[in-house]
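What TrEMBL records for 45-72 is coiled coil. According to TrEMBL, the feature domain 'Potassium channel' maps to 89-151, 201-286. According to TrEMBL, the feature transmembrane segment maps to 22-43, 102-123, 129-159, 196-218, 224-246, 258-278.
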Amino acid sequence: MACGGGCCCSSAGRLNADNARFLLLAVLIVLYMLCGAAVFSAIELPTEREAKERWEERLENFTRRHNLSRAELRRFLREYEEASVAGIRVDDIRPRWDFTGAFYFVGTVVSTIGFGMTTPATVGGKIFLIFYGLIGCAGTILFFNLFLERLITVIAYVMKSCHERQLRRKGVLPHNGRRGSGTSEVDSLAGWKPSVYYVMLILCVASLIISCCASAMYTPIEGWSYFDSLYFCFVAFSTIGFGDLVSSQNIKYESQGLYRFGNFVFILMGVCCIYSLFNVISIVIKQSINWILKKLDCRCCHRCQRKLFRSRRNVVMPGNVRSRRNISIETDLVNESDTDGRRLSGEMISMKDFLASNKVSLAIMQKQLSETANGYPRQMSSNSKQNGFSGGVGALAIMNNRLAETSVDR
């Protein structure tokens, strides 16, 4: 029963810790979103207002120049917006729904990028997209997780090899691979794993290299600036996919086949690396949240834990032997109170606690044994003899004396 109660308490404590971690993470995410909204609003809102004012001015000038009503012009612009959703643009672009365009579309679907440049317009296409994306996104996420496992395995193998090489240079490990003086080091390397911070650093460098190489390809071919190319790489690789910049949308490119293949490879590698990086960063965030929770833990909880630890420090447990020397009066009082608490709770006490709580009786027992061995037995009162209580030895003598005293009092 005690073990079951302890398991329930530990599971309840673990559940409370998980709930606290979840609530703290939710609060931090909300605060992060509020701060981001404030920053983006301060940066982008003035530009939006200026663009709106310029558009209203151009619209007014156009209606006056061509003698058109604003209602007719707005109706025409709404029709163009509907055509734009179907993939129609003012400039010539490649077909959206040929095989290559459809393959590009399903790639953005299963990778959860979703640029929004191409969307199904028919009811059948929308229904098929729901079921197709349900299976495709789940399979792609599984692929990303397996990729992360293998990537970490490769990183761990490389870092472990470098670590072993450093130990061999220092002479800790033998060069022939036999176990010698460095047996403990070899045993420790068997379960050696790289630090999460090293893995995060390697993934950051790999993502940066892929983004820089992809941007060097996008800048001359798409006509973007290098900064816009880097911006597109992050938006695409992180599967945010705003759709303001989308690669491979013109009707014709120089070395078109090679460019589209390179575009596919860069997006695949970038999405895998950024997804893995996000998972590793989430581990670091979780560690930071645990650290914050420990710092925010109230002192009352610490006092309760210390009190519980102090009350359980003499519990009989396998392999837990503790030695106490120079026992003082203060420690005796604490030990007696602890023992009483364990008795009330039905918890086992150690032999040392038993001896400490019965040391007075043991002293009397030792004295009686000494007197009996030396031939000076304790003189029994006449009343005790009349009651039929003999002296005895040890614990039996103590019991007989107590019974004799009780009978005399009566």
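Just so you know, glycine gets a Cβ as well, placed from its N, Cα and C.
A Cβ distance under 8 Å defines the sequence-distant neighbours of the transmembrane segment (224-246), meaning residues of its chain 6+ beyond its ends; these are 108, 111-117, 207, 210-212, 214-216, 218, 266-267, 270-271, 273-275, 278.
Simply put, out of 22-43, 129-159, 258-278, 129-159 has the most Cβ pairs sitting under 8 Å from the transmembrane segment (102-123).
Nonlocal intrachain contacts for the transmembrane segment (22-43), taken as residues 6+ away from its ends with a CB within less than 8 angstroms of a stretch CB, comprise 285, 289, 292-293.
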